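Novice: Below is one structure. I have some questions about it.
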Amino acid sequence: MDTIQFENEEIIEVVNSEAETESPSCSEESESCYQHLRQTGLQICTEDYPGQFNFDFFLDSTEISKKHWMYSAVFNKVYIDMNRVLPIQFQWKFDDIGLLGLKTLQIRALPIFANSEFQQLSIKRCPIHIMQDKLCDRKKLEHILWCEQSDAIYEQNHMSQKHSVIAIVHNSVPCSDFKTYNVLYKFMCKSSCSMSLSRRPIYVIFTLETLHGQVLGRKKISVKVCSCPRRDMLKEEEIEKKRINGVKAFNKRTTLIEDSEIPEKIPKTNSDNTEEKIYELPTLPIRGKHLYLSTLELLHGHFLGSAVREDRLIDSHPLISMLSDLISQVKSENNNHNNKADLENQLTQTN
Ligand SMILES: [Zn+2]
């Protein structure tokens with residue numbers, strides 16, 4: 001085997017013999033030497049990495065049936081019904097790969113939980129859906145992601161227990177400088193399945209790999225498996241739109257206050273007459289002068305701020321001035337007490 005030093009300091013072993021290239025099993029020694037670069041081990045890398053070969057993939061949006069799957073560019077997310085085909089077109093620069101003598105490559109698809117707190121967990125199908133397919137190929141029974149290629153390899157990493165499915169790349173089509181390769185996938189549990197995804201969001205991480213499992217490129221996509229992909233996508237995008245508008249409105253309001261401009265008084269509608277109603281606080285016993293004073297100061301600041309914001313200084317003046325008087329009264333009591341204590345101290349010292 002030769003080695004080639006990459007710009008990014010990673011080392012790829014170039015396999016010279018066709019026989020070695022075609023053998024999917026490798027020796028224990030090479031197994032362990034590639035362990036740190038594997039995609040299914042304990043440490044999962046989720047960062048997109050086009051690598052030297054510009055690995056990428058596309059979903060053919062003209063194929064969207066409007067029923068079985070949808071793609072949201074806002075979230076880079078696929079919404080798909082269970083047991084429906086998702087066609088993905090992978091692409092990479094083939095000239096460089098050819099020059100390196102890497103004759104056979106594979107594409108791995110690894111579903112993982114999107115939230116980092118769950119990423120150490122393996123994802124497998126729920127017992128109900130496993131039971132429904134108990135007569136199918138045992139190798140893929142527990143896998144949530146199935147590949148429609150007949151020689152797909154279903155793997156479970158012995159360290160992380162993570163399930164992934166591998167499509168061996170056959171006769172990929174050169175398209176200008178790039179090779180494209182189409183793979184069909186199906187999701188075999190819903191996002192709502194308890195004892196499986198349990199409504200937790202997932203990514204599928206696709207990696208272009210050598211037959212030894214060394215990663216040459218990586219790209220992920222978010223996935224939700226649901227009965228109404230179109231409805232769920234529109235709903236989530238609408239919530240996101242409202243959230244962004246809410247943040248914009250909040251920022252605008254903060255800027256106005258920072259610029260000492262008083263925002264426009266919000267017009268009151270007829271149905272909004274609770275805003276004109278007078279409420280009375282119940283008697284509120286407070287133990288201790290310190291807490292009483294801080295409560296008065298808090299209320300004073302609150303009413304003053306609210307009066308300025310809503311342009312109601314004249315209406316609120318009696319309440320604000322009453323609180324201000326009470327604060328002065330408590331403070332003067334403090335001063336009187338301190339003065340009295342000082343006087344007593346002086347008298348003691350004199351005696
Ligand atoms: Zn299920």
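Glycine is no exception: its Cβ is also placed from the backbone N, Cα and C atoms.
Grabbed the feature section from TrEMBL, which reads as follows:
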- 45-238: domain 'p53 DNA-binding' (DOMAIN)
- Cys126, His129, Cys189, Cys193: Zn(2+) binding site (BINDING)
- Lys242: ubiquitin cross-link (CROSSLNK)
Novice: Of all the binding-site residues here, Cys126, Cys189, Cys193, which one's CB has the most other CB atoms within 10 A?
Specialist: Cys189
Novice: Among His129, Lys242, all listed as recorded positions, which has the most CB atoms within 10 Å of its CB?
Specialist: His129
Novice: List the Cα distance (Å, whole number) between Cys193 (Zn(2+) binding site) and Lys242 (ubiquitin cross-link).
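Specialist: Cα of Cys193 (Zn(2+) binding site) to Cα of Lys242 (ubiquitin cross-link) measures 28 Å after rounding.
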Novice: Cβ within 8 angstroms of the Cβ centroid of Cys126, His129, Cys189, Cys193: which residues besides those meet this for the Zn(2+) site?
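Specialist: What remains near the Cβ centre is Arg125, Pro127, Ile128, Ile130, Ile144, Met188, Lys190, Met195, Ser196, Leu197.
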Novice: How long is the line from the C-alpha of Cys189 (Zn(2+) binding site) to the C-alpha of the residue listed as 'ubiquitin cross-link', rounded to the nearest angstrom?
Specialist: 30
